Amino acid sequence: MESHPLKGLNINASNDVFVNSVFSSEGTNLRNRSSYMSSDDDMVDITTSGTTGEGTLPTDLQYQPQDSDDIPGIGQYEDFHTIDWQRDIARDRMRHRYIIKRKQNSILDTIKGAHDAWSGWLCVLLVGLVTGTVAGIVDIGSSWMSDLKFGICPDAFWLNMEQCCWSSNETTFGGVKGNCSQWRMWSEIFGSSRVGFWAYIVSYLFFVIFALSFAALAAGLVRVFAPYACGSGVPEIKTILSGFIIRGYLGKWTLIIKSIGIMLAVSAGLSLGKEGPMVHIACCVGNILSYLFPKYGRNEAKKREILSAAAAAGVSVAFGAPIGGVLFSLEEVSYYFPLKTLWRSFFCALVAAFVLRSINPFGNEHSVLYYVEYNKPWNFFELIPFVGLGIIGGCIATIFIKANVYWCKMRKTSKLGQYPVTEVLAVTAITAILSFPNPYTRMNMSQLIYMLFSQCGVSSSDGLCDYVYVSNITVFKNTTSAEAGPGIYRAILLLILALILKLVTTIFTFGMKIPCGLFIPSLCLGSITGRIVGIGMQQLAFRYPHLWIFNGECDSSDDCITPGLYAMVGAAAVLGGITRMTVSLVVIMFELTGGVRYIVPLMAAAMASKWVGDALGKQGIYDAHIDLNGYPFLDSKEEFAHVGLAADVMQPKRGEKLNVLTQDSMTVFEVETLMKSTEHNGFPVVVSQDSQYLVGFVLRRDLILALANLKRNPELYDGNALVTFTITAPQLPPNSPPPLKLKKILDMAPITITDQTPMETVIDMFRKLGLRQTLVTHNGRLLGVITKKDVLRYIKQLDNEDPNTILFN
């Protein structure tokens with residue numbers, strides 16, 4: 001039988017092993033779990049309730065009302081363990097039948113039944129309201145602190161650069177860049193001018209100092225208060241939604257520190273975004289609020305319905321894309337997504353988007369983040385460069401994934417992992433020093449993406465719009481030539497340098513011990529690539545409008561190519577290649593920009609990017625980090641093509657000893673000895689050692705709680721007492737101690753298979769039924785056990801990978 005990798009019964013020790021594997025602190029002792037674990041994570045206290053004997057321990061297949069004297073903790077799970085979906089769903093069905101049965105008894109029971117029916121909708125309503133509020137605070141805070149690196153508004157220091165300029169008439173794009181008189185640059189405050197060598201040095205210095213300060217504060221908060229607040233959180237959310245328990249990962253401290261830390265990390269100018277962490281933040285909100293409703297808080301399988309809806313709300317508030325958020329939850333993160341969860345996710349995303357729109361943190365009339373002003377139709381011949389952008393995006397994504405995973409492995413295995421704060425400060429310093437000289441890397445990435453998506457106007461002053469305009473005024477229209485001026489070529493050079501810098505810094509940034517997302521850096525890389533390709537296509541159409549590839553469509557119009565559209569398509573291509581999203585990506589992109597008529601180009605680029613990415617590397621960034629951390633995630637999208645039998649995978653192998661419990665012939669002392677000598681998560685119960693016909697399965701955790709409860713009554717504890725899993729105890733000699741009856745913690749209907757069951761069938765059972773383990777029999781006799789970890793190791797071996805990378809069960 002497969003054992004758990006974390007030795008012993010000390011929950012504190014197991015948490016330390018896991019936390020240190022994902023967060024190696026700089027000389028910090030992380031054994032104080034109370035600093036980063038939520039309040040529901042403490043060891044179970046069984047001193048105040050429960051007695052021995054039959055009738056006190058609840059069974060998985062029998063619902064007991066909450067006011068019964070159950071032993072606390074029975075039926076729950078240890079940290080870093082996989083849940084049993086079938087058992088939890090069965091418990092919820094029993095609870096539901098119990099409520100329905102009592103609805104006719106009284107008006108109070110009828111009200112309780114109605115509350116139970118709509119509690120799910122109420123819970124996702126609260127999740128949407130809180131998530132939208134938190135997102136608004138994060139957006140406002142990160143925008144203000146990002147502009148703080150450049151200057152301050154003396155009349156109202158709480159306003160960012162754009163809001164400060166609203167009070168004057170200088171509301172042009174130049175005013176947003178800080179040229180309005182209301183906004184004071186640091187060089188003006190500590191000098192006399194905005195321009196000149198001294199002004200440049202002062203601005204440069206303040207830019208680097210603020211970046212280092214924000215990054216140091218973010219890393220320090222994560223290190224001290226919430227180690228789980230680092231990273232994007234999406235790989236862990238995927239694993240948790242597949243049925244894995246990580247206590248504290250969705251706790252209140254993680255929520256607080258993640259929200260503050262992501263504002264600081266984005267403001268530091270690092271190559272990261274806040275959109276991915278918003279999924280983690282929303283799931284923290286969902287987890288905390290689910291405890292207000294015992295239907296979800298006390299049932300891990302039901303709780304994941306709320307977490308799926310929360311993940312949809314996270315993407316909804318990150319991009320202003322409620323439909324895309326629902327599809328993201330369905331396609332990318334959720335493992336179990338019934339139809340009612342789809343409806344509730346839609347409602348939750350809608351409420352969250354409405355709240356964020358009411359707060360209006362961006363201060364514009366559009367609910368989308370990068371609204372595009374143009375609405376020109378795209379030409380059929382442009383599908384060729386769009387597909388080409390998809391191919392380029394897939395290649396960039398593959399380079400990023402391989403390099404980032406390699407660097408993260410280096411971080412885990414080298415001494416670098418012991419100094420996370422030092423690493424954050426070093427990367428921040430390098431990023432800030434190299435970013436400031438280039439205006440495209442100096443600005444906020446969201447502003448850069450918006451600039452690259454936008455269409456040039458005659459009054460645009462940016463180098464990207466330095467065209468030689470030749471107006472041909474007619475009665476009906478005013479068309480302009482699109483000949484590139486010298487500013488265009490300089491802008492392309494700066495964009496190429498920005499692309500290289502952003503790619504390299506993102507490789508080293510993603511995975512550091514601060515909150516960091518990957519959506520915005522991916523969109524930035526893709527939009528830079530797309531804009532460069534778009535300008536190239538525009539110049540080609542301008543100089544050679546009669547080429548066969550244009551099919552005569554550029555003869556009459558000098559502006560048949562829109563470079564901003566290419567930036568949008570390129571952004572979708574790189575993001576799709578990195579995350580391997582398809583349907584949800586396209587919906588997010590057109591919700592993000594409002595460019596509904598460009599769905600076909602986005603679809604073409606997304607599919608090309610996914611095909612190239614799958615050809616060059618089978619995993620997206622999130623799945624790669626799941627493998628890197630050794631999480632027990634069994635992907636439901638992958639196909640299994642190998643041939644094997646259950647007997648080849650089960651533990652123990654044929655001929656080896658199988659650790660079991662007997663139904664009525666083992667003493668308390670023998671059971672305790674077996675538990676001390678093994679580390680299994682549960683034990684099969686058989687008729688006897690000689691006749692190993694299966695009776696049922698009992699969890700280790702439930703046995704520990706039952707025996708510990710027995711020891712609370714020393715006058716009843718006797719090591720020679722029999723432990724029975726039957727209704728009637730066997731005949732005992734006179735003066736024998738009364739038996740300990742544990743029938744009610746026995747699962748009498750465990751999932752079983754025969755030793756000749758094909759592994760394809762076994763893997764499908766684990767995927768679709770959400771099994772924790774299955775028992776292997778032959779002619780009714782027990783042979784062994786297959787756990788989820790055994791299945792994952794078997795797949796790793798067949799793929800010629802190291803099976804020991806699976807750390808948890």
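Yeah, the Cβs are placed from backbone N, Cα and C, and that goes for glycine too.
Bear in mind that TrEMBL entries carry predicted annotations, made automatically and left uncurated.
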Checking 338-357, 518-537, 598-617 against TrEMBL, the stretch recorded as transmembrane segment is 518-537
Check the transmembrane segment (489-511) against the transmembrane segment (380-401) for contact, please; criterion is three or more CB pairs under 8 Å, pairs 6 or more apart in sequence. yes
Near the transmembrane segment (118-140), which residues from the same chain, at least 6 beyond its ends, have a CB less than 8 A from one of its CBs? 255, 259, 262-263, 274, 278, 281-282, 285-286, 289-290, 292-293, 295-296, 305-306, 309-310, 313-314, 317-318, 340, 344-345, 347-356, 358-359, 361-362
For the transmembrane segment (253-272) against the transmembrane segment (518-537), do we get 3 or more Cβ-Cβ pairs below 8 Å once near-sequence pairs (under 6 apart) are dropped? yes
Which range out of 197-219, 278-294, 380-401 gives the transmembrane segment (565-590) the most CB pairs under 8 Å? 380-401
What parts of the chain pack near the transmembrane segment (278-294), using Cβ distances under 8 Å and only residues at least 6 beyond its ends? 38, 40, 66, 119-120, 122-123, 126-127, 130-131, 134-135, 138, 232-234, 236-237, 240, 250-252, 254-255, 258-259, 262, 303, 306-307, 309-311, 313-315, 317-318, 333, 352, 517
Using Cβ atoms and a strict cutoff of less than 8 Å, what residues sit near the transmembrane segment (306-330) while being 6 or more residues removed from its termini? 120, 123-124, 127-128, 131-132, 135-136, 237, 240-241, 250, 274-276, 278-283, 285-287, 289-290, 296, 336-337, 341-342, 344-353, 355-357, 367-369, 519, 581, 583-585, 587-589, 591-592
Its residues classified by DSSP, the domain 'CBS' (746-803) shows 23 helix, 18 strand, 17 coil
Chain residues in Cβ proximity to the transmembrane segment (380-401) (below 8 Å; excluding those fewer than six residues from its ends, i.e. six or more beyond): 503, 506-507, 522, 525-526, 529-530, 533, 537, 549-551, 553, 561, 566, 569-570, 572-578, 600-601, 604-613, 615-617, 619-621, 624
